[in-house]
Amino acid sequence: MNKRKLVVLTGAGISAESGISTFRDAGGLWEGHDIMEVASPEGWRKNRKLVLDFYNQRRKQVLNCQPNEAHLELARLEEHFDVTIITQNIDNLHEKAGSSKIIHLHGEILKSQSTLDPSLVYEMDGWEINIGDKCEKGSQLRPFIVWFGEMVPMMEPAIDAAMEADIFVVIGTSLLVYPAAGLIQYAKQSICKYIIDVKVPETGFIGNLKKIEAPASVGTKIMSEEIRLNYV
């Protein structure tokens, strides 16, 4: 029997429970930094060392974090569903949890890429990229992150997945960051949808939507039990 397609969009709220700072919370990651200083092509041109240091610290944090019950439950759901994770997060916690199909919209912090040729992407061994670390073409390596003002190359496969979903779930995102926030609109009106967050954002009208106001680990468990009961 073909498994139903479960598509899950995850944001910073799912990783917050693993101890990874969220980008836009008061007292969160950007405090002390203008976003454009550390997350834009202009910032990179202006001060490469600042940008590298910023992401080196984030990378060190990610390497010390483990997936939480929400990540693990999504991985377990592969037993019953054809699961695609679309994540706005740059960490590797879905991979660590055992999920097999993951679309990273905003890049992956544990990889580097060539400044000159964005198609040259490298797995990293440690947590540091330094000034002078270069690709084979002699160009400085930068974090493999989609910065503000840059194209989101994985958006197309994410839209395709959303359009094919039998169930669409949003976990731990404020739905403020576009184009990712618009993905739920690509899901068929008729299918079952969930939004799980400690504070569920205002969404306007979305058909067949169930809201679960809870931390990611708690809400994911509730959602998982319901869809296994109703769709397996």
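Each residue's number is its place along the chain shown, starting with 1.
Each residue, glycine too, has its Cβ placed from N, Cα and C.
What TrEMBL records for this protein:
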- H106: active site, proton acceptor (ACT_SITE)
- 11-30, 88-91, 172-174, A216: NAD(+) binding site (BINDING)
- Y55, R58: substrate binding site (BINDING)
- 1-232: domain 'Deacetylase sirtuin-type' (DOMAIN)
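Secondary structure at G11 (NAD(+) binding site), as computed by DSSP, is coil. Annotation note: R58 (substrate binding site) sits in a helical segment as assigned by DSSP.
Cα spacing between G19 (NAD(+) binding site) and R58 (substrate binding site): 11 Å, rounded to the nearest whole number. The most densely surrounded of the binding-site residues S15, Q88, judged by C-beta neighbours within 10 angstroms, is S15. Sequence-distant contacts (6 or more apart, same chain, Cβ under 8 Å) of H106 (active site, proton acceptor) comprise Q88, N89, I90, I145, V146, V152, A180.
Between the CA atoms of G11 (NAD(+) binding site) and Y55 (substrate binding site) there is a gap of 18 Å.
Distance from the CA of R58 (substrate binding site) to the CA of S15 (NAD(+) binding site) is 13 Å.
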